[in-house]
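So that you can see what the record holds, here are the features copied from Swiss-Prot:
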- 1-15: topological domain 'Mitochondrial matrix' (TOPO_DOM)
- 16-34: transmembrane segment (TRANSMEM)
- 35-40: topological domain 'Mitochondrial intermembrane' (TOPO_DOM)
- 41-66: transmembrane segment (TRANSMEM)
- 67-72: topological domain 'Mitochondrial matrix' (TOPO_DOM)
- 73-105: transmembrane segment (TRANSMEM)
- 106-128: topological domain 'Mitochondrial intermembrane' (TOPO_DOM)
- 129-152: transmembrane segment (TRANSMEM)
- 156-183: transmembrane segment (TRANSMEM)
- 184-190: topological domain 'Mitochondrial intermembrane' (TOPO_DOM)
- 191-223: transmembrane segment (TRANSMEM)
- 224-232: topological domain 'Mitochondrial matrix' (TOPO_DOM)
- 233-256: transmembrane segment (TRANSMEM)
- 257-261: topological domain 'Mitochondrial intermembrane' (TOPO_DOM)
Amino acid sequence: MTHQTHAYHMVNPSPWPLTGALSALLMTSGLAMWFHYNLTLLLTLGMTTNLLTMYQWWRDIIRESTFQGHHTPIVQKGLRYGMILFIISEVFFFAGFFWAFYHSSLAPTPELGGCWPPTGIIPLNPLEVPLLNTSVLLASGVSITWAHHSLMEGNRKHMLQALFITISLGVYFTLLQASEYYETSFTISDGVYGSTFFMATGFHGLHVIIGSTFLIVCFLRQLKYHFTSNHHFGFEAAAWYWHFVDVVWLFLYVSIYWWGS
């Protein structure tokens, strides 16, 4: 590393991709065990190992970028391309759920009663909690933009305030979504409506939790003066991800809650 004559970051061997993959295997297996046998041990183990992996991997990246200076402009450019490609892959991930929803709802089969929502399903009122959730996420999009502008201007106090507001709104959205799930009259096993509704909104909720975690890490890093006005790609990536989550929710709201009801 000391004799390299290029600007690229040659990453040292790391165990975290392997432990991350194993924790993902434990989590998916644990989810199946929870659904079928009501056992949460494997899921808890998977989530614990995943959190430990995330913490240690983030710690290594922060050390390499902030303290060792490995994230040169050319490395940051590569990270930007990587984040853009990741978000594009997420777009296609959600496109699958929208495809399933529209495939089922635009031409409902006789088994569904020939109508949408299917016979016996009482959909949620789109003008109640879903509309509140929409306003919460739109407000969080405004506050994350405020945080970004404050960081670019070197206004640390406003950046921390805006980031804290965004995280609070993200947590509030998650709590509202959980309360909505608790109150629904249908479940994930109630035919194609239940499965498409809970898969699409559930995976979006998971992305909100991931995005909130991402922002919490950025908040802690900002407290420790890790970001400057010209070196803050960690925060920028979190902001891009949060805007993506916002846009997906708008499509979910219009498609599943409003049109689909």
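Using N, Cα and C of the backbone, Cβ positions are placed for all residues, glycine too.
Since we're looking at a predicted model, the values are computed, not measured.
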So what's the mean pLDDT when you look at the topological domain 'Mitochondrial matrix' (1-15)?
75
For the transmembrane segment (233-256) and the transmembrane segment (129-152), does the number of C-beta pairs under 8 Å, pairs 6 or more apart in sequence, reach 3 or more?
yes
Within the topological domain 'Mitochondrial intermembrane' (257-261), how many residues are helix, strand or coil going by DSSP?
3 helix, 0 strand, 2 coil
Is it the case that the transmembrane segment (73-105) and the transmembrane segment (191-223) have 3 or more CB pairs under 8 Å, with pairs at least 6 apart in sequence?
yes
By Cβ distance under 8 Å, which residues at least 6 away from the ends of the topological domain 'Mitochondrial intermembrane' (106-128) in the same chain are close to it?
180, 184-186, 190-194, 253, 257-258, 260-261
